[in-house]
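K.L.:
Here you go, one structure.
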Amino acid sequence: SKLAALFDHPLYNFPIPEVTEKDKLFVVNPMEKFSLHSSGSDEWVSNSKAETLLPTGKTAYDTYPTWLKFHVGINRYELYPRRDPLMPILLQDLATQRIVSSVQKSGGTQLKLIMTFPNYGQALFKPMKQTRDQETPADFFYFSDFERHNAEIAAFHLDRILDFRRIPPVSGRLVNITKEIRDITTDKKLAKTFFISPAGNVCFYGECSYYCSTEHAICGKPDRLEGSMAALLPDKTLAKRRSWRSPWRRSYHKSKKAEWELNPNYCAQVRETPPYDRGHRLLDLIDMTILDFLMGNMDRHHYETFEKFGNDTFLLHLDNGRGFGTHSRDEPSILAPLQQCCSIKKSTYLRLQLLATQPFRLSDLLREALATDPLAPILAEPHLRALDRRLGKVLAAVGRCLAA
């Protein structure tokens, strides 16, 4: 396994700083037992006055479902550990746990559902919009592109291979539209949008600002539908997150350019602006830029951080559905932060160099990682080959900075 060899490599075994209590997202009472008594909300509840004793040798933590263990494990430095024994279990849960509720997620430009499991775990479901071999037409603006379920799956594994570990776990899943969405939804607005197509397939379209109409309906075959299931982060009432507008955000206008596209010295003013004027925030943003360039994602207008950790923490790489839309062309403007600032973390640069070598070729590693997903193959071969080409361009950009 190339993947196992990669994770054994010294570059993937730098220790993170010691995690103190204040570095943990949640401080857990070791006597608190997880309880499935409904609290009348979708949040987990705990029962410290447990009527039953725990089995010998078991701690209260052992009673937590996997999704809750994932939440409890989040700290200032990483969303999950490199060698996380929970990860395969959590991915399996996302792919197989019984769905007890499906409602549409509010907001956003395209249809997404929140699905709930019997143990109160929740996942964000993005349905299939585009086949593996389709490319986004060259005349499409980035802001009118589809969100792709397979891009969400591939982004999670790519983020892990790059050792960022800033994307919540995502698994592919085949869902029955009739039994696992239509028949169990309590969302009246969503329920009104189901219909049977002329081909006899079950379809629905929900309510949203872009692609929610009969012309853009999601249809099963006849009611089986592919989608991505992403583990939800802790509710914002329990762990506040802050949304940051990216300094290299695009204009989202058909003819206007953003300031960074017009000013070659734009990075100088970013470096003087909080929170980029100290710490590693700018370098973290450049990490995210490299991830986006490799995927071809032009839609990174905002990013989030956990408020508890202030400026000294990682960026969450959420909403990656507009990646992997094209393989035949690259978008150099995505790399603007790297090119304009000529800065990169040494650890990131060394890992990128490693991923360009024959034993650890990036396309081979991602192909191996994606082969374990229930919906494999996740990416068409040209998308995997494009990764190696784009990685070469990132390294060339760093090379130009070093030579300057």
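Glycine residues also receive a Cβ, built from the backbone N, Cα and C atoms like all the rest.
The ATP binding site feature in TrEMBL is assigned to Gln110, Lys126, Glu147, Ala230, Ala231, Leu232, Leu233, Glu304, Asp319. Annotation comment: TrEMBL describes Glu147, Asp319 as Mn(2+) binding site. Taken from TrEMBL, the feature domain 'FAM20 C-terminal' covers 194-402. Among the features that TrEMBL reports, active site is placed at Asp299.
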K.L.:
Could you measure between Ala231 (ATP binding site) and the residue listed as 'active site' for me? Cα positions, answer in whole angstrom.
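P.N.:
Spelling it out, the Cα of Ala231 (ATP binding site) and the Cα of the residue listed as 'active site' are 21 Å apart.
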K.L.:
To the nearest whole angstrom, what is the C-alpha distance linking Asp299 (active site) and Asp319 (ATP binding site)?
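P.N.:
About 9 Å separates the two Cα atoms.
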K.L.:
Among the binding-site residues Ala231, Leu233, which residue has its Cβ surrounded by the fewest other Cβ atoms within 10 Å?
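P.N.:
Per-residue Cβ counts within 10 Å for the binding-site residues Ala231, Leu233 bottom out at Leu233.
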K.L.:
Count the other Cβ atoms sitting within 10 Å of the Cβ of Glu147 (ATP binding site), across every protein chain shown.
P.N.:
25
